[in-house]
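Trainee: What follows is a structure written as structure tokens; I'll ask about it next.
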Amino acid sequence: MSNRREFNNAGAGMTETAIKHSVDTKTLLDRLGRRSIVFVGLMGAGKTVIGRKVASALSLPFIDSDHEIEAVSRMSIPDLFANYGEAEFRSLERRVLARLLREGPQVLSTGGGAFMSERTRKAVARNGVSVWLKADLDTLMQRVAKRQNRPLLQTQDPRAVMEKLMADRYPLYGEANVVVRTREESKDVIAAEVLDGLAAHLIADH
Ligand SMILES: Nc1ncnc2c1ncn2[C@@H]1O[C@H](COP(=O)(O)OP(=O)(O)O)[C@@H](O)[C@H]1O
Ligand SMILES: O=C(O)C1=C[C@@H](OP(=O)(O)O)[C@@H](O)[C@H](O)C1
Ligand SMILES: [Mg+2]
């Protein structure tokens with residue numbers, strides 16, 4: 001039986017905190033141990049913003065792999081793609097994530113393509129608990145329209161690119177331990193659903 005959970009029913013039995021959730025944080029952190037919570041999913045799904053909120057709710061360090069790549073290369077993601085190409089970016093992304101995954105527990109938000117690497121997926125399976133933030137095409141397109149910082153979408157038809165990425169990547173995102181759908185719900189509600197999903201995976205199932 002798969003131990004993956006789809007989780008979308010935050011609402012019942014919640015406590016009144018900034019992020020409303022009903023999770024026993026201490027037990028969750030105990031079960032997490034040295035592993036990190038790793039967000040995967042397409043561009044615009046909310047990995048960066050939701051990851052930061054979940055880290056704050058659990059008092060864990062937060063690191064976004066794109067930010068870390070920009071810090072070590074001293075270059076923006078668009079400049080890295082333009083100057084060195086996607087293959088170099090992917091190689092740096094793999095190395096940065098391999099290092100970060102040894103430094104848990106923390107919350108790690110990855111760039112949308114990171115989980116396509118088999119080595120990274122194996123490292124995440126060993127040293128992390130993965131959360132797929134899953135959104136529909138319209139939601140993703142609305143969210144990525146706000147910024148021009150995603151080189152893969154700087155094309156004539158970004159919607160067609162996103163559709164192709166959905167087809168290519170969904171089977172692999174599907175290996176994540178927890179899946180949370182995200183649409184119009186507020187960021188705090190999504191963060192609470194992630195905490196509930198993690199609790200179901202780490203506490204209820206084990
Ligand atoms: N649940 C949500 N509700 C409203 N806006 C959201 C939500 N999740 C993400 N966003 C917005 O969508 C955009 C993309 O989010 P981001 O965290 O950068 O996605 P990712 O890191 O997965 O590419 C940001 O402007 C963010 O504020
Ligand atoms: O999906 C991808 O291949 C990418 C996603 C981006 O991160 P976000 O998913 O945080 O936007 C960033 O790593 C780069 O532009 C490539
Ligand atoms: Mg991001």
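Positions of Cβ are set from backbone N, Cα and C atoms, glycine also.
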Trainee: Considering the ATP binding residues Gly44, Ala45, Gly46, Lys47, Thr48, Val49 given in TrEMBL, which of Arg126, Arg150 is annotated for that site as well?
Mentor: Arg150
Trainee: Quick one: which of Arg147, Arg159, Arg169 does TrEMBL put in the substrate site with Asp66, Arg90, Gly112?
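Mentor: Looking at Arg147, Arg159, Arg169, the one TrEMBL places in the substrate site next to Asp66, Arg90, Gly112 is Arg169.
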Trainee: As a check: which entries in Asp66, Arg150, Arg169, the binding-site residues, place their Cβ less than 6 Å from an atom of ligand 1?
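Mentor: Within range of ligand 1: none.
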Trainee: Tell me, which binding-site residues from Asp66, Arg90, Gly112, Arg169 are within 10 Å of Gly44 (ATP binding site) if we use the C-alpha atoms?
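Mentor: Qualifying among Asp66, Arg90, Gly112, Arg169: Gly112.
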Trainee: Between any two of Asp66, Arg90, Gly112, Arg169, the residues recorded as binding substrate, what is the biggest Cα to Cα distance in Å?
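Mentor: Of all Cα pairs among the recorded substrate binders, the widest measures 19 Å.
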Trainee: Over all shown protein chains, what is the count of other CB atoms within 10 A of the CB belonging to Lys47 (ATP binding site)?
Mentor: 26
Trainee: Taking just the CA atoms, what is the gap between Arg90 (substrate binding site) and Lys47 (ATP binding site) in Å?
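Mentor: A Cα-Cα distance of 18 Å.
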